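What follows is one structure encoded as structure tokens, with my remarks underneath.
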Amino acid sequence: MAKSRRDRNSWGGFSEKSSDWSSEEEEPVRKAGPVQVLIVKDDHSFELDEAALNRILLSQAVRDKEVVAVSVAGAFRKGKSFLMDFMLRYMYNQESVDWVGDYNEPLTGFSWRGGSERETTGIQIWSEVFLINKLDGKKVAVLLMDTQGTFDSQSTLRDSATVFALSTMISSIQVYNLSQNVQEDDLQHLQLFTEYGRLAMEETFLKPFQSLIFLVRDWSFPYEFSYGADGGAKFLEKRLKVSGNQHEELQNVRKHIHSCFTNISCFLLPHPGLKVATNPNFDGKLKEIDDEFIKNLKILIPWLLSPERLDIKEINGNKITCRGLLEYFKAYIKIYQGEELPHPKSMLQATAEANNLAAVATAKDTYNKKMEEVCGGDKPFLAPNDLQSKHLQLKEESVKLFRGVKKMGGEEFSRRYLQQLESEIDELYIQYIKHNDSKNIFHAARTPATLFVVIFITYVIAGVTGFIGLDIIASLCNMIMGLTLITLCTWAYIRYSGEYRELGAVIDQVAAALWDQGSTNEALYKLYSAAATHRHLCHQAFPAPKSEPTQQPEKKKI
């Protein structure tokens, strides 16, 4: 059974604290703090700490409550954890008018610090889930998530995309933390990350994500757009506006963002002051922060977390509980742990790939057009040696054309695309060989000729063996002859009607295999030998006495 107690906490107020961390049995009281639930390993793979998530989301007090998941994401070293700790102060002191606390008290909660190196990795969740009464009286669970900053020096683009996408998929309120302005590259990165998240989700006809809040820190143009939500709304409307005179690429970015989120808003926040930015020993005391920042901070946090602003997490229109959120967490991380999704690429890599693929396509098209001129559909049959010679010449020209195109990525990067070009040209050459062979009347007649030879040979052997009393062999030859005759008729019907083409291909392959057992001369020699044997056996069986004197000189002549 859960125990509750009112404790003075480090955020300057009193709050109800629950010590129930398990759905099965009571455990000792644990101090609330950040818990790493998504771990990014050194090999850039991802691991979910299911035990930690179970303790947080399956607590008896919250597991069946509908959940509001608030996440802060954005570039590293832009104050995300710093902001999260003020959210914690508000959640612990909502009933207090001066919820920001003592001006001399250090800021604690999620780990943060000044400097240029990253602090948070993966995804962290505050271990205590807050129970809040909404305006309609429904009690909901509020989960606070802090995320690893994007584009730090130790993370790949896939790391950044996965963490951002996963936090967006899990959260009902995603705060996109930006510095100074909303630039075009910020929107492009948002497009990439949200698309990476949408790929991992099941197909839905609804907008896949809920609330997106652009939080612009260190806003320096209050004379254009005032601090706060109103100025932010006007600024964002201008920034995300789609107009006809925009380039198609810019329009697509904005349309994509609008198609992904149900609600989009913006808040402009001033700079916290030089002491915060330059003092290496700054520990979050309010007395060192500019008054203008504190004034707007007192507006921002309630604007984000007040009961009327809390959006319950929904997936495909269904409200999600803490228990359900745990299952989605597990399902989503399995997708990102696998190889089903394409790996996102840097702009340079994507551009270099497109550049090289375009060069491959151009060179391949050149080869194709010139080979069509040599042995295309209306061209006569070309000797195989001449065709091969022309192929080698045009292949060399295509490779030279590929190498002559200016490409991004360097020689090493382009080498595999050169190999791809050569491989595709060789495949085209095989098709041209088949097309050229089909124009050869002797090649086209190979299948019926082979079948006729088989029929004739089996007919002769059947006659001879039947005559000398080897009825079993004769019957076998007759059966083979009959089957071959049926095969020949079937092949003729397939060629005439165009039906059962797969069966026709099998017949051609069998005939080709028989043909390849020997040249045409060898086949004719076998026919001649069979005929001569048949004639010799007939003379032995039916001697002609009157003819013997005349035959004797003939034998001598031979």
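One-based numbering along the chain as shown.
Glycine residues also receive a Cβ, built from the backbone N, Cα and C atoms like all the rest.
Feature annotation from Swiss-Prot assigns GTP binding site to ARG77, LYS78, GLY79, LYS80, SER81, PHE82, ARG217, ASP218, VAL276; the stated evidence is similarity to another entry.
In the three-state DSSP reading, SER81 (GTP binding site) counts as helix. The annotation GDP binding site is assigned in Swiss-Prot to ARG77, LYS78, GLY79, LYS80, SER81, PHE82, GLN148, ARG217, ASP218, VAL276, ASN279.
Residues annotated as Mg(2+) binding site in Swiss-Prot: SER81. Cβ neighbour count for SER81 (GTP binding site) (all protein chains, 10 Å cutoff from its Cβ): 21.
Residues 352, 356-357, 359-360, 363-364, 367-368, 371, 375, 377, 379-382, 384, 387, 391, 395, 398-399, 402-403 of the same chain lie 6+ residues outside the coiled coil (412-439) yet bring a C-beta within less than 8 angstroms of a C-beta in it. Marked as coiled coil by Swiss-Prot on the basis of sequence analysis: 412-439.
Mean pLDDT for the domain 'GB1/RHD3-type G' (64-309) in this predicted model: 82. As annotated by Swiss-Prot, domain 'GB1/RHD3-type G' applies to 64-309, with the evidence given as sequence analysis.
Per Swiss-Prot, the feature phosphoserine maps to SER10 (among others); the stated evidence is a large-scale study or a structure entry.
Marked as phosphoserine by Swiss-Prot: SER22 (among others).
The phosphoserine annotation in Swiss-Prot covers SER23 (among others).
Taken from Swiss-Prot, the feature topological domain 'Cytoplasmic' covers 1-449 (among others), and the record attributes it to similarity to another entry.
Here Swiss-Prot flags 493-558 (among others) as topological domain 'Cytoplasmic', drawing on similarity to another entry.
For 450-470 (among others), the entry in Swiss-Prot reads transmembrane segment, with the evidence type sequence analysis.
According to Swiss-Prot, the transmembrane segment annotation covers 472-492 (among others).
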Local Cβ density at GLN148 (GDP binding site) - other Cβ atoms counted within 10 Å: 25
Packing count at ASN279 (GDP binding site) (other Cβ atoms within 10 Å of its Cβ): 12
Binding-site residues compared (ARG217, ASP218, VAL276) - highest count of Cβ atoms within 10 Å: ARG217
Rounded Cα separation (Å) that holds between ARG217 (GTP binding site) and ASN279 (GDP binding site): 18
ASN279 (GDP binding site) to SER81 (GTP binding site) - Cα separation in whole Å: 17
